[in-house]
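Everything on this sheet refers to the single structure shown next.
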Amino acid sequence: MSLLSTIDSPQDVKRLDHEELVTLAAEIRDFLIHAVARTGGHLGPNLGAVELTLAIHRVFDSPFDRVLWDTGHQSYVHKILTGRREQFDRLRQRGGLSGYPSQAESEHDIIENSHASTALSYADGLSRAYELRGENRAVVAVVGDGALTGGMCWEALNNIAASDRQVVIVVNDNGRSYSPTIGGLADHLASLRLAPEYEQVLDVVKQVLGRTPLVGAPLFDALHGIKKGIKDVVTPQGMFEDLGLKYVGPVDGHDVVAMESALRRAKDFGGPVIVHAMTRKGFGYPAAEQDDADNFHAVGVIDPVTGKPKSASKGTTWTSIFSEEIVRIGSERPDVVTMTAAMLQPVGLKSFAKAFPDRVFDVGIAEQHAVTSAAGLAMGGLKPVVCIYATFLNRAFDQVLMDVAMHRQPVTFVLDRAGITGEDGASHNGMWDMSFLQVVPGLAIAAPRDAATLRAELDEAVSNTDGPTVVRYPKGKVAADSPAIDQVGGVDVLYRAPAAARHREVLLVSIGAMAPTCLDVAERVASQGIGITVVDPRWVKPLDPALVDLARDHDLVVTVEDNGRVGGVGACVAQLLRDADVDVPVREFGVAQRFLDHGKRDDVLAEVGLAPQDLARKVIEAVAKRQHALMGDEVGADESNQTPAGGGQA
């Protein structure tokens, strides 16, 4: 029997000796490689966090002591140790195990975290709550995988350091997020060892000098300042101590005994402590260790022996189309520069970086800084293209509004993973951008439907000089091009019902990548003898006035988008028609305003009613209801014009 098969809770880990822990670590790695190879997921980060996680669960008592995972994709080992090993066969699948911590799965999970740099703020609040409630509970926050490049971490550290609350911060220093971590902070993380005896002596000296009138406190400050100055000259690792945090490390994060010893010292101290663990992403799996790009940060279905994809990728992705096009644009325009927040490879900038290494800027996990820095680049005469996941632009709304739009800077935002992302779950769905960006004055939004329109609209966006632009598209493969059969103003007409159908009953406004779905819907609706026209506005902010004329020629307008309904494009179409005094009803179909669980994109869309068959049924029902209402109005009008029975002139 394997050791791993006997582990169902953290208590089972506590009974093991050193040799058994080493064996268990190896078994966990083997399990991870084979499990994630079957389903896909974040492999590299978790291979690097095995011993670290074992040590945490040996030293602390979860769930009484709370363990928080920043960049929650590094929590797989934690899930294994807390009784979820048997669920890994459905990792990131609908109804299966989440790829991030989940309160619904386990009492050992408290924050459902995948947006980076937040765990320390949670830890600050939790530890304050426990202190006020008189509960002696430790809070352990595991940060790393690039999270410390986010400014929110440092805001939290500043507050945590000003207390004596029991917060243990484990810095999982693998030097990478998706790729090598960028910035001065990454260079600054190195060794500052803390001896308990030294701290005890320092406290005694402080107490003695503190009892000496007038000169005691200034003398201590002077001596302490000399010590700090010498330390900073000899080893440039003083930033944590300068904040007021005790520091243990660096520790070999792949030596479970060393990690356990460091964590016990940190726990015994009783106040806020940094434990600096040096780890390697992909550790123990040669295929991952040899992958210079991202150490198998996230993989699809692979061969566990070779690490190669099980099947060749079929079709072209939205990201790869963008990658090719931005290189072409960059070759023609030397003023075009690109920026990303620790996502160089995932957003498709690797080729641009290779072609123009001095024109790509990776600022780390710092979306707010990225947006305002881009505004500065534009002010300096360049044309910045900020490439970011749609969900992460949520974090920089104020900067988009005030620093870019208010200054009318021609910054282009390329939002990858817009709409429903699928397996990454609620925190990664990009279903809010077309709502919150609608309120930004002077900003234009393009939603391409296919590869051809992505190329065209990206070119249009980069060529715009009057304010910011956005180009948004989903994760995954691009469907075949859907060429326009006509154009009305700037609106593409994609479909008109056959002549046999009654015309001008439904105007179906398709938004972005929902075009294949809308064309499917149109065929189903037309088969019922209903006249339907499908159009793509291309730019969804501002909406083309041609939509008003098109709406006037139809009895019903239907909008379909992979964005939240509240404040989405459908709502804007309805407002456009109201403002133009066009009395045509609008039915808006979009994503439900709730956090959606992980699963394949098509399955999630079906759950919220955006599958073609469901949409077609609703459109047909809406047409029937509309016709019934119109017939009722006509009958009522006829009756009102009739002379009442027995009537006549008086």
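In case you wondered, yes, glycine gets a Cβ from its N, Cα and C as well.
Summarising the annotation, Swiss-Prot assigns thiamine diphosphate binding site to H73, S114, H115, A116, G146, A147, N174, Y285, E367 and lists sequence analysis as the type of evidence. Cβ neighbour count for E367 (thiamine diphosphate binding site): 29 (other Cβ atoms within 10 Å of its Cβ, all protein chains included).
Counting Cβ atoms from all protein chains shown, N174 (thiamine diphosphate binding site) has 25 others lying within 10 Å of its own Cβ. Residues or ranges marked as Mg(2+) binding site by Swiss-Prot: D145, N174.
Sequence annotations record features per position, and here Swiss-Prot assigns region 'Disordered' to 631-650.
Other Cβ atoms within 10 Å of the Cβ of G146 (thiamine diphosphate binding site) number 29 in total over all chains. Listed in sequence order, T391, F392, R395, S427 are the same-chain residues at least 6 apart in sequence whose CB falls under 8 Å from the CB of H115 (thiamine diphosphate binding site).
Spanning the residues H73, S114, H115, A116, G146, A147, N174, Y285, E367 that the record associates with binding thiamine diphosphate, the maximal Cα-Cα distance equals 32 Å.
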